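Visitor: Encoded as structure tokens, here's the structure I'll be asking about.
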Amino acid sequence: MHRPVWVIIPAAGVGRRMQVDCPKQYLKIHDKTVLEHTIDIFLGKPSIAGIVVVTGAEDEYWSSVEASFQGFPVFHAMGGNERADSVLNGLTFLSERGVPDHTIVLVHDAARPCLSQRDLHLLVMAIDQYADSGAILATPVRDTMKRSHSGEKIASIQHTESRDNLWHALTPQMANLGVLRDALEKGLSEGANITDEASALEYIGLSPRLLEGESSNIKITRPADLALAEFFLQQGLKEEEG
């Protein structure tokens, strides 16, 4: 794998479901913010050329986090209204600075600080094989899935969905920089429902590959997730020390 790899971390969300005073990516675990833990995953890896963190226009916390990464290839871009807009801004930031379109990008949620080195390696090693189609980390759905009726104050079951061939999409999601940028531009301009990078690639007719990742790669969305992330991070430290 000889292509340069850049990481884009969209971090413009406000995390209202966390019911806290600051965005969830700036909550602290082990004296470091969630975002710092997330950035640390990629620092010092020979395959990673640099990291672009995309924050909201009114973000008052990033400057203090940025200061802790002085001397590292960690850059900043301004976010947009939605995740897709923020990712597109990150891609445009790279393109405007001369990063070639054939460069590989990994887009990773700011609120996923528990990505394992095993899963990162799995995705990076798949680049040569799946660069054209893209690929994402995902886990097979194992719980029984219920579809509810719409418009009810207390939801009721409409029917049970088959779990066959259903996956939970995780991040990072890998794509060719130029292809993903063009896909996002097309999808956003045409009003498509772009919920992640894979859906943008799907919109232009590609079928990104699903690489089975670890269930510990959780996204912090609710208060209980913070304690779970702390546990997984502690386990990761023990494995590194052991």
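Each residue's number is its place along the chain shown, starting with 1.
Placed from the backbone N, Cα and C atoms, the Cβ positions cover glycine too.
Heads up, here are the entries from TrEMBL:
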SITE      Arg17  site 'Transition state stabilizer'
SITE      Lys24  site 'Transition state stabilizer'
SITE      Arg163  site 'Positions MEP for the nucleophilic attack'
SITE      Lys219  site 'Positions MEP for the nucleophilic attack'
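What's the neighbourhood like for these features in this structure?
Guide: DSSP classifies Lys24 (site 'Transition state stabilizer') as helix under the three-state reduction.
Within 10 Å of the Cβ of Arg163 (site 'Positions MEP for the nucleophilic attack') there are 13 other Cβ atoms, across all protein chains. According to its DSSP assignment, Arg163 (site 'Positions MEP for the nucleophilic attack') is coil.
Under 8 Å, Cβ to Cβ, and six or more positions away along its own chain, Lys219 (site 'Positions MEP for the nucleophilic attack') finds Asp109, Ala111, Arg112, Leu170, Asp225. According to DSSP, Lys219 (site 'Positions MEP for the nucleophilic attack') sits in a coil region rather than a helix or strand.
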Visitor: At the Cα level, what's the spacing in Å between Lys24 (site 'Transition state stabilizer') and Arg163 (site 'Positions MEP for the nucleophilic attack'), rounded?
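Guide: Cα of Lys24 (site 'Transition state stabilizer') to Cα of Arg163 (site 'Positions MEP for the nucleophilic attack') measures 31 Å after rounding.
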